[in-house]
Amino acid sequence: MAGANPTLRQRQLARQLRELREQVGLNIKDVADRVLLSPGQISRIETAKRRPSLRDVRALCELYGVPDGPLMKLAREAHEQGWWQELEDVDFRPLPGLENDAVAISEYETTTIPGLLQTPDYARAIIKGYLPQIEPDVLDARVDGRMKRQEILSKANPPRYWVVLDESALHRHIGGPAVMAQQLAQVAMAAEQPHITIQVVPYTNGAHMGLDSAFMLLEFAPEASLADTVYMETLAGQIFTERPRQLERFNEVLDHLRAVALSPQESVARILAQGRWFETLA
């Protein structure tokens, strides 16, 4: 269905069109009447659930009294596809587009290693665990997609990436001891990169503010015209939120987790120690 997985450019376009409408003091019905669209269509365009046609964008720019060049460029780009949209069976398609343009990514995981740090074998085991009946070709596509996502961490000008892991993520036997040993070695190696920080919340900390919610916070440069966004993956599907009060809450939780976690140096030592333990079982 068109618009089901909005591209990053579509989100930018939606945000700018909504802000322009508000600046000229028009409501959705007023706009719909003047550009010959329904109020529902305007609402879906402004929430990135519908890709507007070039005709629609031109008409809206004329109504709002702004040059159409920049927004027409965004509209054309919104109809293009990134690699993640070409993989039909990959179910996280909106996320890589956001990761690709973020200047900072903060992630908290309760039970598993984050996708941006996973080895192929670990990713394969965890996806197979989530979806026992998955077809082999679909599994391969999802593993390939997850590995492709990781390229943002090695590109020129990568985002700042700060991960907080609950210690349980280091102990869960996913894929077997050999897979876990390799996975933890890769996490420790990633922590050596200057733009990557990894911390572990130890078991001994007990209860803390993040016990029940894994999430990712994506931050964007001001010129991106995008609101910072929190992403969560649940059994019911993906959740994205840009609401200021919710962002404030997630930032509060992140600050708390970073404060109660081991230091980055202590965290890497804990990760390496657990990796050595898995090696004794392999």
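Positions of Cβ are set from backbone N, Cα and C atoms, glycine also.
When averaged over the domain 'HTH cro/C1-type' (17-71), pLDDT in the model lands at 92. Taken from TrEMBL, the feature domain 'HTH cro/C1-type' applies to 17-71.
Mapped onto DSSP helix, strand and coil, the domain 'HTH cro/C1-type' (17-71) counts 37 helix, 0 strand, 18 coil.
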